[in-house]
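Structure first, commentary second.
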């Protein structure tokens, strides 16, 4: 990279905030390595950038929502770190996101589990506190080790705070809803014979009114910028990942023309607060790299998009409202003209139950919406794996998806970074150590998916599997994926007729020194 008349190389992944000042040649905390002074030819070709200001791709800056303020139609506000747009004029103390909570624990309850409380149990009362059944009622919610207060572990019970209980007399005599009354938060009312509790300060909003605020991202002109795919997405495909957050990405059309690589997986869309972005640095509306997608599609190729990844937070973690999350997924597919959508669930997020359930609920909702519109959008989940198969956390992601009715086209696994001694492969070119770890992982994955889908044939299970190794030097020290490993993995994929083969990543598919770990070489 050229910056301020100096050539730098990145030592690891860098984001938009990692501006290459003039660092010391050796600094373990600096992602940039100073190489040399730029030549006159390089300065003539690339110019001499001296600032790190970039086009944010259309990121919206909106004022924070104020409940005491009225809004005109088409107003855009920021609320709980997401943008919302109202379709109609709004009075003060009108809608926020949820005006009333219908019957949430408004009936008198005794301590102890509800007799019908199962895996789908909403809540029950324990010693004056509401508890939510995240997984199952079989574990005692009174025991702290079984509680999941922050949603960051896999325990089954989440405390919801102090319960609100009312006598039958209080419920029956609750004041009838009056649109002219300004209700404080947590006020009990009665509307059409049903009790409700206001979730915020409210006026002129009845429990039956439809909320006019909708999650909002400015997609103006995006559909035209990315072009439209000319062909259906293949049932069996090589779709290497493209790190779409890099300042420079490969020419996708040239790769299609010169190497017959026609399909790619773009990574990653993540949340900045609760809004959709490309790697947090770029907005979704007018991203400069969209022209490469359009050129590829005009040449007959196509892309799928991956949401998540190892860095930053996935949308399912930051966007707490399932309907908003569903709308994000719908808008991404609609405005980028996608036929396939991938969810890369890794790192700590593969074990955060709240985001797992929220994602699966939103995917089910958006799939139902697509079906009602006659659209066939394929959904893939990408998960970390060991040579012995998916981890319990990964299996939980898939089990929860099945329980919620999500229909997966496939499960792609990251056959990389195992952290297992048997996969140490530095200086073992030709022994296929890393390749054997990958094929072992796929064999175990087949058994695991067969257990989840016993009615599918072996061929159908193979067709819904994908393998994505990290070419060259992996993040885990001592793990290297060689060309001989690639041949073994491809042979196994062809034998099984896998649904997908990928690599991380196309930008890294270049030679480098054995110990060199970069996002632009392998």
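Keep in mind that glycine also has a Cβ here, set from the backbone N, Cα and C atoms.
Noted in Swiss-Prot for the protein shown:
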- 1-24: signal peptide (SIGNAL)
- 148: N-linked glycosylation site (CARBOHYD)
- 235-522: domain 'GH18' (DOMAIN)
- 275: N-linked glycosylation site (CARBOHYD)
- 346: active site, proton donor (ACT_SITE)
- 455: N-linked glycosylation site (CARBOHYD)
- 519: N-linked glycosylation site (CARBOHYD)
Integer Cα-Cα distance in angstrom, the residue listed as 'active site, proton donor' to residue 275 (N-linked glycosylation site): 20
Winner by Cβ contact number (other Cβ atoms within 10 Å) across the glycosylation sites 275, 455: 275
Count of other CB atoms lying within 10 Å of the CB belonging to the residue listed as 'active site, proton donor': 18
Cα separation, residue 455 (N-linked glycosylation site) to residue 275 (N-linked glycosylation site) (Å, whole number): 39
Residue 275 (N-linked glycosylation site): secondary structure state under DSSP, collapsed to three categories: strand
Average model confidence [pLDDT] within the domain 'GH18' (235-522): 93
DSSP three-state assignment (helix, strand or coil) for residue 455 (N-linked glycosylation site): coil
DSSP state at residue 346 (active site, proton donor), helix/strand/coil: coil
